[in-house]
Amino acid sequence: MHILKLPWFGHKAENKQIECYSVSINSDGSRLASGGLDGNVKIWDTKSILHFKNYEAEPATLNNKNGINLDTLNSDIIRRPLCSMSRHNGVVTSVKFSPDGRFLASGSDDKIVLIWEKDEEQANRPKQFGEAEADLEHWTVRKRLVAHDNDIQDICWSPDGSLLVTVGLDRSIIIWNGLTFERIKRYDIHQSMVKGIVFDPANKFFATASDDRSVRIFRYYRKLSESSINNYEFQMEHIVIDPFKKSPLTSYFRRMSWSPDGQHIAVPNATNGPVTSVAIINRTNWGTDISLIGHEAPCEVCCFSPRLFEYDDSNDSQKNKNGMGNFTTILATAGQDQNLVVWTTRQSKPLVVAHDIVSGSITDMCWAPDGQTLYFSCLDGSITCVSFEDNELGKVVSENMNDLQLHRYGADRESATFPESVEQLLLEEKSEVTEHKENKKLAITKPPTTILKSRPEEVRPKEVSPKINNLTPKQVNKLTQSITITKNGKKRVAPLLVSSSSKISVPVLGTSGKVTKKFQIGSKLSQTSYFLPRLGVSTSVQGLKSKNLVHEFNQTNEANNDDQDNDNEDMGIDSAKVNDNPKDALNQSVSDATLRRQRNKIKRAILETRYPSCFQLISTLPDNLFNNQAILNSKVNQILNNNFNSKRENNNEIISGSSIDAIDEDLIFSVIVTGIQSIEDRSSIIINDAYDANTSITSIVEVRNGPSWKVNEDDITDFEYGDRIDFQDPTRVIVSNDQNHTKRSYTVFFPYKVQHVLPIIKNRILTFYVLASFNGTIQIISAKSGKYVTASMEVGNNVILLKQEGDYLMCVTNQGLIFVWKLPNLPVERFLTGVVRGISLAPILNNMVEVPSIEKKNLNKRHANIPQLMMPNVRKLDVDTRNGSPLAILEDNNEVYKFSLDLMVWIKVVDPWYFLALTDSPVDSFKTGNCIDSLLHKSYKSFEEDVKRSKIGLYIYNNSEETNELQKVMEARFKQSIELAGQIA
C-alpha cells in the first residue's frame, strides 16, 4: 500500500490550505475532480499523481526541500490542476462525474447545480485575466439547475446516467433527467436536512440519508403508459430508523455507498449502543444486523470499491457449485476521527487502519475504476491518494463478473418491463439461499470492539427482558357521556367521539384548513433563488419593505404552506398533515390526493373487470364504461385503418388516471328511461267495431335507483339512531303509457340497483319486462301488472347484454357466459325453459389471443416491445330462432361461430378464408333460410372492407389447372360448411 500526499495536490490560496469537501473520478480513471471552500472546481490528471507511486527518493539526489528527485521525474508530469473553474458563488460541497464521464455535476451552497462538459475546441486557450496560470483543459457550463432553497449536500447519478438526484439542507430530494436535465420530481419527505444519496448499481433503487435519523429507500421504474422521456414512477420501498436513533447531528455529510454486487448499503454516522458505527443494510430484507465498530468519532463517508475481489482459501472446503470461486467487496470508511479504515466482507476485522492519516475530518472518498486506488479529501485542504499493490486486496475479477452478480436483481433488464415481476422475485429468492450457504464459512467469533456480526442461521427464541414499571403515572383523560332521560323514563346516551379528546389535530374534510396543491406551469421550471423587487431593480431599497410585508401576509394567510412545489402526493405524503404532526412523519400520513389516486386505481381495475373491452360492440351500456387501457390498441388500429363505411361513431373518451373520476356508475344509472311502442292486447276482451288493431301505444319505463346501502352500522352517519329507518330509498320502477294512465301505471320496488331494462314484445304486443341488476340478478315481470313471472335468477356476474330474438331471451355476463331461455307463451305457458346454461365464449376468443414475445436483443432497448394480451372483439351475438342456439361473429377475422346444442361445442359456420374463392360467385347464392344468412352477409361485407384497406390480400386465379382446381375446391367446401351449419341444431 502506498500513501501519496503531494504538497500541490489539494486546494490552497496564497500559500494557505483551503478546506476540500468533495472528490470524484471519471469512468476511465484519467481525471479527478475536486471542490472546496474556495468555490472552485478543479480537474486533476491522475497519471501525474500515480507517477509518484513508483518513485523512490535517495538522499544524495534530493534537490529541493520537499525531498523529490527532480532529475528522475518525467517532463510530462503536471504538478497542478489541469483547470480550475470558479463559476459558483459559494462553497462547492459535491462533485460527481456521470457514468460515461461526459458530464460533471457540481453542487454548492449557492443553491445551484452546474453541469460541466469538456470543451475540446478551447483546449489551448490563452491565460485569462486574473489567472495565475493558463488552464490546460477547458470545461464549460452546459446547464444550470436551480430548484433548491438551501445548500446542496450531495449528488448522485443513476448507473445508466438517465437520472440525476440532488439533495440538500432544504430537506428536498430533487430528481432530474440525466439527458435533458429537466426536473422530473421533487420530494420534501425527510423532516430534516438530507446529507447523502446513493444509487443501486442494479438500477432499481436509490437511498437517502437525513438528519431526521432515517434512511429512506426508493424504488423507481419506467411507466408503461407514457412515452415521455420523464416517464418514471417513484415509490418509497422502506424506511430504516433503528441504527440512527441516537446518531449525532454534528456531521456535515452522511455519504453512503452501495456495494458493487448490490447486496449491501454502507451508511455512516450510525450508533450501536454508546459507540459510533457504520450500519450495513442488507438488500434482501433491508435489515441492519451488521454494524462496523471502530471509529472513535462520527463517521461521515463510506465508499465501496467498484470491483469485486476473489480470494482463495485453501482451508475453506465449501466452494461455489458453479465453480466461480469466492468473492468479497472492499469498503473504506472515514470521518471526524481523521482515521482511514478499509474493511472486507471476507473477515470481521478491518484490513487497514490508518490513524491520523490527515489533520482534519475526511469529507469524501472515491475509488478508481480499477478498484485499487483510493482518493479522499480532507478539511485540511489536502487530497490524499492511497494505492494498493496487485492482489493486495485480492484478485480483481472482471467487470463481466460484476454484471453477472447484478443479474439476480434484474440489472440486465429494463426497469420498464416489470417493476416487481415474479421472475425477479424468484431470482432474488434463489440468490438469498445461495448467499446464506456461502456465508456459513464466515461465522467467525465476534471480537468485542470490532464488529457486531449478523444473527445466526438458526432461529432461536429471543430472551425476554423483564419489564420495569415506570413510576411516572400516565395522564388519563376521563371521558364522560351525556345521559338524558326522556318523558317515558328511558335513558338516551349521546355517542361520544373518542378522538375528540386527543391532542393531535386531525384534518377534517371540507374545512378551510385543507391544503390543495395548485398546478402551475412555473412550478416545473427552474427558477432563480434571488429575489427581484416588485417595482423593479432600481427600487430595490424601497422594495425591501414591500417584500417583508408580502412575506408576513403569506405567513398569515398560508400557514404551514410555505413550499408546495413538490411531488409528495406521489409518495402518499401530505405536507400539511406532516407539518401539523411532526411526530407522525415517520408513519407517512396519506394525503387526500393519494387516497383519491389509489381509489381511482382500484376503480379502474374494477371497471376493466366488469366491462371487458371485447364486448363493447355488442353491449347496450354506455361506451365510456369500456374505454379502459385494454382497448387502446384497438382504438389506434381503428383510426389508422380509417374504418371505411363504419356506422359506429368512435367519439369516446380514452380513460386516463385523471379522467377516471368522470365515470360514476351510480350517477350514470341513477335514472334509466326506456320507451316502447306496441299495440294493445285485446285477446281477453270483446273487440268492438271502433277498435283499430294498428293503434300504437307508447309505454315508458322509468327506473330510479336508490343510493348504495350501507353494510356497516358505523357507515351511517347522516341519521341519529332514534331517527333511522331500515329501508332507505329502494329502487323504484315506474311503468306508464300514453293511452290510459290509470290502467297501466304501477310502481315496483326492488332492494337492488337495476342496470338493464329490456321490454319483451311478441307479435307487436308488449308482454314482459326483463330487469337486470349490477350483481347479476335477473327478474322478469308482467308488462300489464308488474307481477313476477318467475323467481329471481342469479347469473353470478354483472350483465353485459340482454337480447330478445323471437321466443328466446339471451343474457351475456362480463365473464363471457351465455344464458338462453325460452319465454312462455301466455296464457298457455307460464314458466321459462332453459336452453343454454352458462356456456363460455372463451373457446372462440382465446383461439385468437396473441402474446408477442420479447427477443433477447431487444431487452436493453428503451422502447422494447412489452407482451400484451390481444383478444378479438365480438362484433355481434345472435340467437337461432329455431332452437335458441347462440351465434357469434368476431371482429378481427370475421369468423362466424355457432353453439351446437346437439354436439355441445362451438362450431365454425363461416371461415373467411373461403371468401377468397368467391370472385365470380356472389355470397347471395349460399342461403340456409335462417339467421345464419344475415351473419354471413355481415362477415362478407367486413371482408370486403378489409380488402379495400389492403388488410387482406386476394388470390389471383390465372385460369391454370391448379388455380382453377383450388378455386372449385374452396367453393365446394364453403358451400358444404354452410349447409352443415344450417342442418346441425
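Backbone N, Cα and C define each Cβ position, glycine as well.
Of the given residue ranges 556-587, 620-651, 716-747, Swiss-Prot assigns the label region 'Disordered' to 556-587. Under DSSP, residues within the repeat 'WD 2' (87-126) fall into helix, strand and coil as 3 helix, 19 strand, 18 coil. For the repeat 'WD 4' (189-228), the model's pLDDT averages out at 87. For the repeat 'WD 5' (248-291), the list of distant contacts is 153-154, 195-202, 207, 209-211, 215, 217, 237-238, 240, 242, 297-308, 327, 329, 331, 333, 335-336, 345, 361, 363-365, 402, 405-406, 409, 411, 428, 432, 435, 451-455: same-chain residues at least six beyond its ends, Cβ to Cβ under 8 Å. Counting residues of the repeat 'WD 5' (248-291) by DSSP class, helix then strand then coil, yields 0 helix, 22 strand, 22 coil. Taken residue by residue, the repeat 'WD 4' (189-228) breaks down under DSSP into 0 helix, 21 strand, 19 coil.
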